[in-house]
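**Student:** My structure is below; once you've seen it, I'll send some questions.
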Amino acid sequence: MAAMVDAKPAASVQGTPLLATATLPVFTRGIYSTKRITLETSSPSSPPPPKPLIIVTPAGKGTFNVILFLHGTSLSNKSYSKIFDHIASHGFIVVAPQLYTSIPPPSATNELNSAAEVAEWLPQGLQQNLPENTEANVSLVAVMGHSRGGQTAFALSLRYGFGAVIGLDPVAGTSKTTGLDPSILSFDSFDFSIPVTVIGTGLGGVARCITACAPEGANHEEFFNRCKNSSRAHFVATDYGHMDILDDNPSDVKSWALSKYFCKNGNESRDPMRRCVSGIVVAFLKDFFYGDAEDFRQILKDPSFAPIKLDSVEYIDASSMLTTTHVKV
């Protein structure tokens, strides 16, 4: 998998923008219809996938970049269908393995190894399972993960040459001192320079049960701060919680229960949160994969274009060390 193109500079901005009067196209559904494909490890394809997979792909003719998505703690990959569909409708192929189903989850090292098997399967196994005239560009793959899957995504990026990494409220344990293995937050700086976007939640650090689902010291801020060699963006969805990117009512009973009762959730509809997260992901990858920076730079310049409130928006361009910042007021 090839490295990213060079990042583009951004001007330094501080303060709070005026309220946007219109949304951006990345926050609404894209031009492509989508097709969902389910693969089991018993699939007749050669080689079969090492883990069960959901693939959501644009249904149209073309060549599309790939996103490897890693689910959150003990959640079903089926619980993210709205986000997958939104992203795929903008011209990306989402590959989402079911790494495990158990509660408690396996060791983080075992989870990482399972994700690595799927990453290694992509170049040989993905294309033959796509619709006719739909081609996957596996030379430029982004890895994205939610919750504990975010930790796995960053750990996988230390091992493989992904084109970009995206963390959706990533979590590395219950605290900095009780982190998951491999303990990547023990590093002062991650040993990669690929572009990064981290999206955190304002309520992820608020406990609902025994502990917060995205506790301070092991959450999105820690991941962002360690990407010192990367062009990197950070967004915080102020009024939403750790599970608010999931479908409203996940079909898997376990995921439904975890989604509704385990973490502190926001009081508003999840739909704007999902559209915001999906839109940021699309805008980020359009910028760094295709050189189409307009939407991503507009969000950084004026976060009120997003369908939800975003605080602590920050972008650091590694090539120039210029910073775009919107501080919380």
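Cβ from N, Cα, C; glycine included.
Among the features that Swiss-Prot reports, transit peptide is placed at 1-21, with the record citing experimental evidence. Summarising the annotation, Swiss-Prot assigns motif 'GXSXG' to 145-149 and lists similarity to another entry as the type of evidence. Here Swiss-Prot flags Ser147 as active site, nucleophile, drawing on similarity to another entry. Here Swiss-Prot flags Asp169, His242 as active site, charge relay system.
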**Student:** Is it possible to list how many residues within the motif 'GXSXG' (145-149) are helical, extended or coil according to DSSP?
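**Tutor:** Its residues fall into 2 helix, 2 strand, 1 coil.
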**Student:** Are there residues of the same chain, six or more positions away from Asp169 (active site, charge relay system), whose CB falls under 8 angstroms from its CB, and which are they?
**Tutor:** His146, Ser147, Gly150, Ile199, Gly200, Thr201, Gly204, Ala214, Asn219, His220, His242, Ile245
**Student:** Around His242 (active site, charge relay system), how many other C-beta atoms are within 10 angstroms of its C-beta?
**Tutor:** 31
**Student:** Average the per-residue pLDDT over the motif 'GXSXG' (145-149) and send me the rounded value.
**Tutor:** 96
**Student:** Let me know how many other Cβ atoms fall within 10 Å of the Cβ of Ser147 (active site, nucleophile).
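**Tutor:** For Ser147 (active site, nucleophile), the 10 Å Cβ neighbour count is 27.
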